[in-house]
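Taken from Swiss-Prot as is:
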{"type": "REGION", "residues": "1-265", "note": "region 'Amidoligase domain'"}
{"type": "BINDING", "residues": "S13, K186, T187, K188, P189, T190, Q191, K222", "note": "UTP binding site"}
{"type": "BINDING", "residues": "S13, D146, I147, E148, K186, T187, K188, P189, T190, Q191, K222", "note": "CTP binding site"}
{"type": "BINDING", "residues": "S14, L15, G16, K17, G18, I19, D71", "note": "ATP binding site"}
{"type": "BINDING", "residues": "Y54, G353, F381, G382, M383, Q384, E404, R469", "note": "L-glutamine binding site"}
{"type": "BINDING", "residues": "D71, E139", "note": "Mg(2+) binding site"}
{"type": "DOMAIN", "residues": "291-541", "note": "domain 'Glutamine amidotransferase type-1'"}
{"type": "ACT_SITE", "residues": "H514", "note": "active site"}
{"type": "ACT_SITE", "residues": "E516", "note": "active site"}
Amino acid sequence: MARYVFITGGVVSSLGKGIAAAALAALLQARGYRVRIRKLDPYLNVDPGTMSPYQHGEVFVTDDGAETDLDLGHYERFTGRPANQQDNITTGRIYRNIIEKERRGDYLGATVQVIPHVTDEIKNFVLQGNEDYDFVLCEIGGTVGDIEAMPFLEAIRQLGNELPRGTAVYIHLTLMPYIPAAGELKTKPTQHSVKELRSIGIAPDILLVRADREIPESERRKLSLFCNVRESAVIQALDVATIYDVPIAYHKEGLDSEVLSAFGIDPAPKPRMDRWEEVSHRLHNPEGEVTIAVVGKYTGLKDAYKSLIEALHHGGLANKVKVNLDWIEAEVFESEDPAPYLEKVHGILVPGGFGERGAEGKILAAKFARERKVPYFGICFGMQMACIEAARNLVGIEDASSSEFGPTREPVVGLMTEWLKGNMLEKRAAAGDLGGTMRLGAYEAVLKPDSKIAQIYGSTDIHERHRHRYEVNIDYKDRLEAAGLNFAGMSPDGVLPETVEYADHPWFIGVQYHPELKSRPFEPHPLFASFIEAAIEQSRLV
């Protein structure tokens, strides 16, 4: 039978509940337990797919095509377990399900209410499909006190009563701020947050307290007394250098031991922390460093590129080097020469994005990388812009553009109207909905055996995750290849270009998919490992 850990947050948002959940899952895995993590998001969007990156950050895509919260990326990277559609739910999806049931008459004429109908829907989501797991960790998005989170908190309160005794534990993550004028950490925000949580009917078993300095024993005792939590269950969560130090830090503070104790599991299997210690050692003891320019359009919010950032660091882990990131807003190149920005970097990465803003800057970045022989990695939109650059400057198609930007005589990149998903034909219309209408999830690609990318993968058959509505136009393939841009990877039916590369360039690869979504600290994605390796070679030339 699965045991349930419910993780809530208080005082302020962005305390790191997702990292805390992922780290705890990793610690339980290290003891040999099977763990699943689920995220419950209180916003009314059905999913984050149509939300601005500045509002939400990255949209993490799963193998089965779910557009989910970026925390699911942390879950995958820390546990290695691929997430799916059933690991993330939003208030919007819950209400949509309920309204569909009401329209069908499933409620037999009853008045549909938050309690019991909404809370029952949440509970069903939490409980379903957990037969193969020892622990299910549920992170509740938002902060205690938010009106949006109330149905979720009520649902997990009910579960605490309905689950067998000893199979549900509540962890509350809070902040203990340091007040310079007083010269001390303050417990009052945590006390009030716990008071709010208890007023809902949830008594936390464990307090995980964020702080920027050591919490004195006297303050821990104070929190224990006023929050009605055992002193051993008041666990400090101090700031660390990297997120991959968190599992080791939490283990030293006894978080996993306290969770197991709360479940009455004693003695518990000893954890094997060797792989986390190896990752931490490599991060803190690099043998060199490289600088990668990321030419993007959402650089004002780094969370928009969360998986990309982590995948680049994984590439550094694979090569035992530190990866420094130089963030460049693509629009800058539309009014300034790219050379001063890019001459000293060891690699250029152009990530995914949507819309015309910054496109010309990304095209110029691809041109600089091609002409100067600087390693170039184009992902999704970055591959499309590399193809437009080649069409303009190598093939001579001056008007080469993307139909995403408006009507064009030379749509080197165009809207996909249909594609195969398994044996089913998916179709889309230009005037259709935005939400859930892209090519989403894992798709197969076939690589040319003699291509550079096939050598990197060590295979000619790959499965990678996609999130795009536009695609390089196959009608331009022959002319682009004649100019030197090799279409090294295609969809199995030969219709959709998946990867491009230059044979006469040290490392210039564009991919239509998002390899960053499948990279792990213990298993760096081969493309990122190879890209950083090429950057190391470039660093010897600069």
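Glycine is no exception: its Cβ is also placed from the backbone N, Cα and C atoms.
Where Swiss-Prot records a feature, it is marked here on the structure.
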residue: S14; record: ATP binding site; Cβ within 10 Å: 10
residue: L15; record: ATP binding site; Cβ within 10 Å: 19
residue: G18; record: ATP binding site; Cβ within 10 Å: 25
residue: K186; record: UTP binding site; Cβ within 10 Å: 14
residue: T187; record: UTP binding site; Cβ within 10 Å: 22
residue: K188; record: UTP binding site; Cβ within 10 Å: 12
residue: T190; record: UTP binding site; Cβ within 10 Å: 27
residue: G382; record: L-glutamine binding site; Cβ within 10 Å: 25
residue: H514; record: active site; Cβ within 10 Å: 23
residue: E516; record: active site; Cβ within 10 Å: 27
Integer Å distance between the CA atoms belonging to T187 (UTP binding site) and Y54 (L-glutamine binding site): 32
Neighbour tally for K222 (UTP binding site), based on other Cβ positions within 10 Å of its Cβ: 18
Recorded positions near P189 (UTP binding site) (Cα-Cα within 10 Å), from L15, G16, E516: none
Tertiary neighbours of Q384 (L-glutamine binding site) (same chain, Cβ under 8 Å, six or more apart): G378, S402, V412, V413, Y470, E471, V472, G510, Q512
Candidates G16, E139, T187 (binding-site residues) - the one closest to G353 (L-glutamine binding site) by CA: G16
Top Cα neighbour of E516 (active site) in the set of binding-site residues S13, S14, K188, Q191: S14
Cβ neighbours within the same chain of E139 (Mg(2+) binding site) - under 8 Å, at least six residues apart: I7, K17, G18, A21, I37, R38, K39, L40, D71
Cβ-Cβ neighbours of P189 (UTP binding site) (radius 10 Å): 15
Binding-site residues clustered about H514 (active site) [Cα within 10 Å; pool: I19, I147, Q191]: none
Surrounding CB atoms that lie within 10 Å of the CB of G353 (L-glutamine binding site), all protein chains: 22
Per-residue Cβ crowding (10 Å cut-off), top of binding-site residues I19, I147, M383: M383
Intrachain C-beta neighbours of G16 (ATP binding site), sequence separation six or more, cut-off 8 angstroms: L173, R210, A237
